[in-house]
Amino acid sequence: MYRARPAEALADPRAFLQRAAALASVEVAGDEAGLVALEAGAAPRIVAVTACPTGVAHTFMAAEALQLAAGQLGFALQVETQGSVGARNPLDPADIAAADVVLLAADIDVDTARFAGKKIYRCGTGVALKQARATLERALAEGQVESAGAASAVVARDEKRGVYKHLLTGVSFMLPMVVAGGLLIALSLAFGIDAYKQPGSLAAVLRTVGDTAFVLMVPMLAGYIAYSIADRPGLAPGMLGGLLAGTLGAGFIGGIVAGFIAGYAARAISHGLRLPASLEALKPILVIPLLASLVTGLLMLYVVGKPVAGMLAALTGFLDGMGTSNAILLGLLLGGMMCVDLGGPVNKAAYAFSVGLLSSHSYAPMAAVMAAGMVPPIGMGLATLLARRKFAESERQAGKAASVLGLCFISEGAIPFAAKDPLRVIPASIAGGALTGALSMYFGCKLQAPHGGLFVMLVPNAINHALAYLLAIVAGSLLTGLLYAVLKRGAEPGLALGTSSSREPAAGG
């Protein structure tokens, strides 16, 4: 007997028959153990959900990579993307019921209630993007039915990643509020720097709404960190703790601390408190929110709030008062971090740090981070123009797409290049990003909206020193493009996206 998938037979029938004749063997009962069942004419069925913190790039690129790999393997795959605009292609209950395994490629918390009783395989969007074929095969081979205990064991085995995932869940829910608030404040300045001080004017209304959005920023961050940890019972205590953090002047750092306190307190109460069966229904709506809110409030008011507020005040004072040399060094650091792993943990850490500082009205780091994040994909596009002969046609087309993504501040546009050639792409990107970040800080650029790329410049006063900001982006992109054009070897067919031999960037994603 010789086992294979239908897609292999269809791809090259003659070679398939020759391979079957050479490799066929006699099988006895038990030989099937550990193999995926491949019935004649029946392809494995997989349903998947992809989700990343911003819901812009990794979510959809991972879905595309999985679909390409599924087509190559002959698998039946349906993917639901949980992006910034909500769920697209939502999974039908009938498809879930018929699936052999559920693949959750997510960097944030995903509700699994509808997958009860199904085999589930979990990974990050970066892994699904760069190792799509291997991810699908591992999902079929390693997927397991998750009980409540099994889910807890998953968290326990990887608690560090869990903490990071909870933080990114909070950031992902907070981000639309920050974008809306920042742009509304910028629009209020379009009528004049002090126009919002005129009561009843449109500028005053825009400023009030924008400031209110910023007030809600920290409570949302804390609330959804707690939600990621403890589900819905953690939401109210987390938001309360975040609001207290804002009131105490502890800012986003206090909000992060409050979110984790509320989340873990709610989870501990949920698992540790046993009530009579007649009162069990009151736990999620009364007992847990009450006790977790009490614990969070007491700790924030008596233990955490004032020290964290002092720390944030010192940090803000340092950032506002630092000299040119310190500003350049900070820009170098943040710009380089944005380009290390192109949407991975280091990139997200720099981004989350800068977004958090917006609540303290410290706007310079945000400008440096967004400018540097545009550099890798734009640089790859420039490299394909500067050294056309070194790139295959597919790479030149990918370079055009990467440039557009870069203009939109989607660093992940460079991932296909980085996955194929990390030892050259990553250093070139870091060099350009660090230069851009340093120049942005040197020019004193300040940005009030945390996303949007160059298109933010269309909003009056969203960024000061717009021409200098543009110069910083151009300089870094040119450096990255020139470096990679020089370092790049001759053309090789194909790109990493959707292939079976993808290599990961050196820093991971």
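Keep in mind that glycine also has a Cβ here, set from the backbone N, Cα and C atoms.
It is 242-265, from the ranges 2-25, 50-73, 242-265, that TrEMBL records as transmembrane segment.
Between the stretches 320-340, 425-445, TrEMBL puts its transmembrane segment entry on 425-445.
Here the transmembrane segment (285-305) has Cβ contacts under 8 Å with residues 230, 233-234, 236-238, 240-241, 244-245, 248, 250, 254, 257-258, 261-262, 265-266, 269-270, 273, 275 of the same chain, all six or more residues outside its ends. For the domain 'PTS EIIB type-2' (46-141), the DSSP-based tally of helix, strand and coil residues reads 41 helix, 28 strand, 27 coil.
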